[in-house]
Amino acid sequence: MKGGGRRGGGEYGRGGRDDGDGDRMMSQFAQIPTSFGHELRACLRCRLVKTYDQFRESGCENCPFLEMDKEHDNVANCTTPNFTGIISVTDPSRSWAARWLRIGRFIPGCYTLAVSEELPEEYQTVCADNNVQYVPPKR
Ligand SMILES: [Zn+2]
């Protein structure tokens, strides 16, 4: 007689499923605003729209050099709650609206059609230092 009545060994708990697809998608997308209340703000340079908290948590995906994270706290200076209209862009390079808004090279996300304020001059200098074009709003 061989073996014996041992059954069911060797099965490790393999609970987790390993499709990391969701995460990879997210990294190519700007955060989508989690609310549409008054705390919604638009980046003065690229017009990306997110909540104040989202800008503070992870800055602007298109403008990392504006350093809106917690340490530098530039959110209030580099974003505005005063903007008109909002558009969600999933493929900026192929969207005529995105090209018209000059966001064709930005990452997918929610953008506003127009901001009424200019980026403060010191941050325009930061843009120039980073070889980034800043287009002031039309008056
Ligand atoms: Zn931006």
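Cβ from N, Cα, C; glycine included.
Taken from TrEMBL as is:
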- 1-13: compositional bias 'Gly residues' (COMPBIAS)
- 14-24: compositional bias 'Basic and acidic residues' (COMPBIAS)
- 40-116: domain 'Spt4/RpoE2 zinc finger' (DOMAIN)
- 1-25: region 'Disordered' (REGION)
Taking all residues of the domain 'Spt4/RpoE2 zinc finger' (40-116) together, what is their mean pLDDT?
92
According to DSSP, how is the domain 'Spt4/RpoE2 zinc finger' (40-116) divided among helix, strand and coil residues?
22 helix, 24 strand, 31 coil
